[in-house]
Amino acid sequence: MAGGGGGGGGGISPLGPAPPMWYHRDLSRAAAEELLARAGRDGSFLVRDSESVTGAYALCVLFQKHVHTYRILPDEEGFLAVQTSQGVQPKRFKTLNELVSLYLQPSQGLVTTLLYAVDREETVSDDRDYSDGEDEKPPLPPRSASTSTPPGPDTPTDSPPAANGLSTISHEYLKGSYALDLEAVKQGASSLPHLNKTLVASCKRLNGEVDKVLSGLEILSKVFDQQSAFMVSKMIQQSVNQGGDQELENLVTKLAVLKDLLSSIEKKALKALQDMSLSSPCPPPPLCMRHSKAIPVQAFEVKLDVYLAELTKIGKSQKYTLSVDVEGGRLVVMKKVKDSQEDWTTFTHDKIRQLIKSQRVQNKLGIVFEKEKDKSQRKDFIFTSAKKREAFCQLLQLMKNKHSNQDEPDMISIFIGTWNMGSVPSPKSVTSWVLCRGLGKTLDEMTVTIPHDLYVFGTQENSVGDREWVESLRAVLKEHTELDYKPIAVQSLWSIKIAVLVKPEHENRISHVGMSSVKTGIANTLGNKGAVGVSFMFNGTSFGFVNCHLTSGNEKIARRNQNYLDILRLLSLGDKQLSSFDISLRFTHLFWLGDLNYRLDMDIQEILNYINRKEFDPLLKVDQLNLEREKNKVFLRFAEEEISFPPTYRYERGSRDTYVWQKQKATGMRTNVPSWCDRILWKSYPETHIVSNSYGCTDDIVTSDHSPVFATFEVGVTSQFVSKKGLPKSSEQAYIEFESIEAIVKTASRTKFFIEFYSTCLEEFKKSYENDSQSSDNVNFLRVGWSNKQLTTLKPLLSEIEYLQDQHLLLTVKSLDGYESYGECVLALKSMIGSTAQQFHTYLSHRGEETGNIRGSMRVRVPSERMGTRERLYEWISVDKDETGGPKGKSTMGSRPGHEPSVVRKQLGELGKVSEEGERKEETAARSKQDTLDSDPSICKNSYNNPAYYILEGVPNQSAAALSPELLPSPTSANPQAAKAPPSSAAARNKPPCSASGPPHTRRPLTGHPVRAISEEGSSEDDGGVCMTGAQVGGVGGTVGSTLNRPPPDFPPPPLPKGALEMAADPTFPKPRPLYPDLTEVRISAAGTAAPAALGEGFRRGGGVGPGALDDQSCSVLQMAKTLSETEFPGQPPRAPSAPPPLRGPPMGLGLDACRTFPPRNPITESIAEDMPEEGLWGSSSSSLSVGESSVGEWLQKLGLERYEQGLLHNGWDDLEFLSDITEEDLEEAGVRDPTHKRMLLESLRQQPQPK
């Protein structure tokens, strides 16, 4: 294991010659508690490394079923002492053995005498794990074992950091040479040669770096600043053959020259360019733009979508051609009229207001056009395929971006590829890999050659040199894009490599580049297995990329899991201030790729039969990675696109027709079943935009026994925000305020806790006071709470809403005894903005494992002067949520399952369109928030509200007994919908299914338009598996429906209450079936079914719930243990008087499952007019338009004017939403010429309530 616990100095190891058996080097806090719980005797103890202080230790002692932790800290002389309270003199020891020996004696100040040592478990490493069974010996590392391009510090995790080297130089001077200089001064010397020598050695690297910078700026200085140019050239020449006093003096002079040059060159360059612009007003375009390939005009054959009721009257759907001119910024809509004539209309990019994707019909798209007089009209088109629809949307987004007046992009596209090259050079052409051609989910040919902004290539068993490999990739990209991509980072560990290339126009937007590697080969010392990583900032958005090669072998699942956890903990990437958080929480977006080596647990012949029939779902059910993710062993809350391509390993080299699954070894026949070893996963902060556009493998690159895998992503990015109003005054300061926070942590400790808050919007991290409430009914869990007075108010650096809605807050719950983290999480500020407190609820994790949950009430107050915002490019596309149903065979997943807090969202329609004058009326805000609650489909389940998940393996019956049988999960699933359609594809595990899903939706996560719209921000997938009911608010310019954003329910669901079980017996609902076989033995007792109202009700804006109401919320372990079941959450706002108590159980007639907790509105029959705005469905019963009428025809029929239906539909007035914009001229064009009839129609429309 890498890392170590040497806390002593002076050359004497505090562990002595051999580490004692009670010392556990890299043991985590949670694992230590588990070992002590297994021991089960008071006085059991062990020592592990401290997680909070490098070089320190933690002494963990079990007493009365609780674990007590004492920090052992080294002092300046290397002596060790147990940390004591203030004023108590500590006892000092040279070694850990001496320290422990003292505390083995009674009455030494600990909670109990140390009695029983808990020894570490020695693991025997299998030295035969090399490279997928291909080699008898591990491959030798390349001559350059670890390189990085461009040059930068490459600090292996098992060597001391560079700072320690400089510290050693200083120590050497102070211990030895200092005395020589002192002696020289006593003898009258006027200089300190030894100190000078030390300074020169310390600044050696700085000298070289300054030379590089000056050389790079020499040409610029000659062009724009001739005065500085002479000094720069002189300094560069003098840097050769300088030494001693001259070298140090020369460095100081060079720094002064560099300072002057940097402070003046921009002004002088600006003046020179202004002078040039007068003589040549049309300068040539930048090089990066001059050579970019123009995108040709693309035409799409579509049909105008009309409702079934109208088809009988107007005949077949009309054929249209949509032509997209990206370069010209135009969309031409052309339809064929009689006698082969064509009628066409041109819309410029600024006249296309919104694209609306249908969830139920995958090839259907609504386009909202802006007409004259600031009016809009929507038309729905049917494309020939879903892939064509996505290509059309991508081209229109590209057009919008190209002609945007924004200086910085809102969205970028990323290509990610992973390939185990099999230790042979790549073929001459890897075009199919770069262009995403092959099997699986691929891009349309119309868009396949559009350049991506970032390319990330991860390879394993790559025998090609770094420079040669990067240049070959650049050549391939230049051939297909005509752009000269810039390498921003290349990192290698033996034959594991990662290379990141960026469009030249983005090179200056990349900053804070970091690189790291971790060895996980034999004894964690060989680099034939391990990981390399790269991190950087793209403007204001942080990215992390990890490429790994994990242990091979069908049976080595546990070792692969440990490889993953080691990489997660030891890879040194991202902001160093976030050391309390593992890398899965340090980045806005983290992508994890590589040869993960997880295999299929199925007989080889069955596997081959399924592959031949192209039936992948049964195989994905036995995929080891999917199974381990279901158990929360690895990749907690990561997402993976649906797998629809065959296993990428192990092919016969030279062909893709045959899998080679047997190999004769000296130890016998080795079997390597075909498997999806090569994977790409990701994890993103909540309420960020990320869409997976492709995921597949090539079928024509045959040099390796692995096929290359590719994926592409559309990712929202933020710019480095610059306030137009300057720093906020005290009256214009935004505040982040907490009313209360409560956490349930998985621990046997009973110490006090505090919370640390981190964010890029804060000047520095902040701490709360210690918790002021604490309770537990279960030895393995602790509930801790902070009231308002214990929580600090946070002041963001900037107060603009446009800035704050892109920010996130990281929280870590730490103990007072050891300052170690017991769990971390991330919250999005976007949902918290408003004048009233919003509630959040999310999971806590530590070192890749789930450790509990946290909830609270908070608000982000933004002054009215800072409320202006703008529309993001990725918000321009929305998803229709008013449809029920989805494509068959598709399970729902969250686009950002990485960190989905169960947040009661503030209406983004309210947020996104706030005017400069200030906020909207509080009454409207309150109503929209209540609507959010009423329409929320569910509070999804997860592991931290299931007590069965928390029973520690091997723990004595004390913990199991604390969970009475009635509290354990029932084999009856809480998900009738899932029972009806059990997960049958990769998505069932790759993308965690929603336990509250209605009919499944598309897999593709999309974030839509938050303002004008027909739909809220994104599909159900966008909200972490929150599946939509058929009740969202629509309408251009209206406030839109919102959803809850929460962790996906990828864990065994909690038990159903009694009432829900009774409802499940109703023939309306399908018979549930167990989702997780390992829990089927557990039975729920009759006593347990009459559970009281769950605490989870407090998370929502709900108060009391009447007896007999149905619920399935089970918000926490302690609630399940009957401690919290009858308490209300502090700071909980009362339910609006008009709101009915929540129905607990599935609403009849909608097919929703039993875990939905909010009352449905009146169920409606699904209309063929699937894209109709929902005001027309859920509006007031007094409206002549909005209740029951789902088409223009019905409205006209009620007025007795159905004769005009065909004319209105022919002219595009086919949607009730847009009829409110119709004018007299429009009516005349549609054939309504009778003045009386025109008045009737317009008067009827004016009487309708406006969308809210």
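For all residues, glycine too, the Cβ spot is worked out from N, Cα and C.
Among the features that TrEMBL reports, domain 'SH2' is placed at 22-118. Residues annotated as region 'Disordered' in TrEMBL: 123-167, 878-940, 965-1008, 1160-1184, 1227-1252. Feature annotation from TrEMBL assigns compositional bias 'Low complexity' to 144-163, 974-993, 1175-1184. Under the heading compositional bias 'Basic and acidic residues', TrEMBL lists 913-932, 1230-1241. Summarising the annotation, TrEMBL assigns domain 'SAM' to 1187-1251.
Residues 1199, 1201, 1204, 1207-1208, 1210-1211, 1213, 1222, 1224 of the same chain lie 6 or more positions beyond the ends of the compositional bias 'Basic and acidic residues' (1230-1241) yet place their CB under 8 Å from a CB of it.
Counting residues of the compositional bias 'Basic and acidic residues' (1230-1241) by DSSP class, helix then strand then coil, yields 7 helix, 0 strand, 5 coil. Per-residue confidence over the domain 'SH2' (22-118) averages out at a pLDDT of 91. Secondary structure of the domain 'SAM' (1187-1251) per DSSP (helix as H, G, I; strand as E, B; remaining residues coil): 39 helix, 0 strand, 26 coil. Here the domain 'SH2' (22-118) has, by DSSP, the following mix of helix, strand and coil residues: 19 helix, 30 strand, 48 coil.
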